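Notes follow the structure.
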């Protein structure tokens, strides 16, 4: 599962029944039809079961990799809503290519669908998943996509889709689906549904809080089933996928205060727990209100946990879980915008500064790329930070670059690009320290070791500190012969562990070529071929030393030694939906080599096969570094984007592209820093 989480195992009879009256937009019980959902051509058809109740697709209808797609009608959310899906995926669990079920959102006027949720886990029972949807002024559609695996017995079924107003974490436990809450299984002690004239407890249970009568429902856990000291029962919420910040409130009741422990934790995708609430002194036999601030910056679950000291500890009951975007203190729930803590140094040093007592060990520069030095990582021709040059590097000299203060008790992921080069040693010439503002001592958390020169490498560090702190980038010039040059660019800060953020779905229009070719196709007949490669190209004095994404990843390039002068290679995007208004295309290209030919970008509209529109072109050697290209185009027809590379006069004609990004709307900065071959004179002259 892309965003793995606990799900509630349901038998078919335990799944909630649609309430009488009108079904809310986006909901469907699949009794005798797919409601307002429609199947998308030319994909497989979802089949309504002959007895109703669900739709399905299986291996008898199609082959491995084939899709069945259901598209909702146009939807509009004036309020925050929750989409709940009851589904089942059947087949062999050992299959190397299992079936999957995906949920996308398709915003009006955009070419791409955004992945909200995905599952591959097989089950003999129905499962339930909950997905938070932000309120929006833009219309959208929900896309349900089933992808068949290679097993001959593969099948995917959807029992019900239900759209309700409110947050998925909220619950009054009055419906059979229990809002997706489930037990973290314990063979002895578990949470049960109470109320509704249910008589399955040895204790005398209370009325519920919602209705205040015997017909209402709530969750409870009873100590009578305890077999071991402080045995734990956990009730786990649906996974919170969409970031929220505010006040979580709930009502609870207990029979004996001194004989049990009641806690609330959060748990992220990495399995890390964080206690956010603990029961104090309360009135027994009454419903008590609890409130706690909840900041779900990354996907996480909320866990209600009870530990009993013995079988005579009574019960703990839980009801009416609510969430408000206003903090419990009454202030609007505020996110710390981690993006503001980063910097690409294009417009200045952002919130970074140097230690005035030590002088300026770091310099913000823009250099002219040549065979010995690269441009910056952001655009290839922009600004970056550099240390240990002839003018800043002195024996036994430290240069410290301080970042902004970051609030404590939050998990962060720090990413940045660095490059070490020069003719001197580079080991330990760049390090990262943590400076806690209430401590004098700095803690070293990362250092650069001997790395390939002539390439920007990405580093990432996960940090969690209880108190506010600053990240410090330290350059060290040990001696005249051990003073490697250190460069730094594109520092970014995000909430959550770096491992967790890697599991969050990427932007749908983004392709880094790290895993595959992103659906790009090639023209094979009498054409050259684009190759997906990692590292440097085989021919010297042409091509990049590494990719643009991380420095050690993949990119696409043409190998000039396998082509003849003037031969072309075309890389063609998958069909893109027609949308009104401007679209923005961004990518990075590398054209280095004395014999470099041409790189062209075309727009091909459906039905206009012979009328390609040239959007952008470059001819000849451009730079030893990756350069950024950005352009706008419009197409109210289905279309494709074509990258065409033309081999130059010699084998030193490798051309590469990487990090392609399609975005809706005009480009934020549509100006291309390099309008033709050659450079401007607005560069710093740096001696190394």
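Using the three backbone atoms N, Cα and C, a Cβ is placed for every residue, glycine included.
Taken verbatim from Swiss-Prot:
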SIGNAL    1-20  signal peptide
DOMAIN    26-169  domain 'MAM 1'
CARBOHYD  32  N-linked glycosylation site
CARBOHYD  135  N-linked glycosylation site
DOMAIN    170-330  domain 'MAM 2'
DOMAIN    341-500  domain 'MAM 3'
CARBOHYD  358  N-linked glycosylation site
DOMAIN    509-669  domain 'MAM 4'
CARBOHYD  668  N-linked glycosylation site
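Positions of the features from Swiss-Prot, shown on the structure.
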residue	record	contacts (Cβ under 8 Å, 6+ apart)
32	N-linked glycosylation site	48, 52
135	N-linked glycosylation site	77, 78, 79, 80, 81
668	N-linked glycosylation site	584
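Across 26-169, 170-330, 341-500, stretch 341-500 shows the highest tally of CB pairs under 8 A with the domain 'MAM 4' (509-669).
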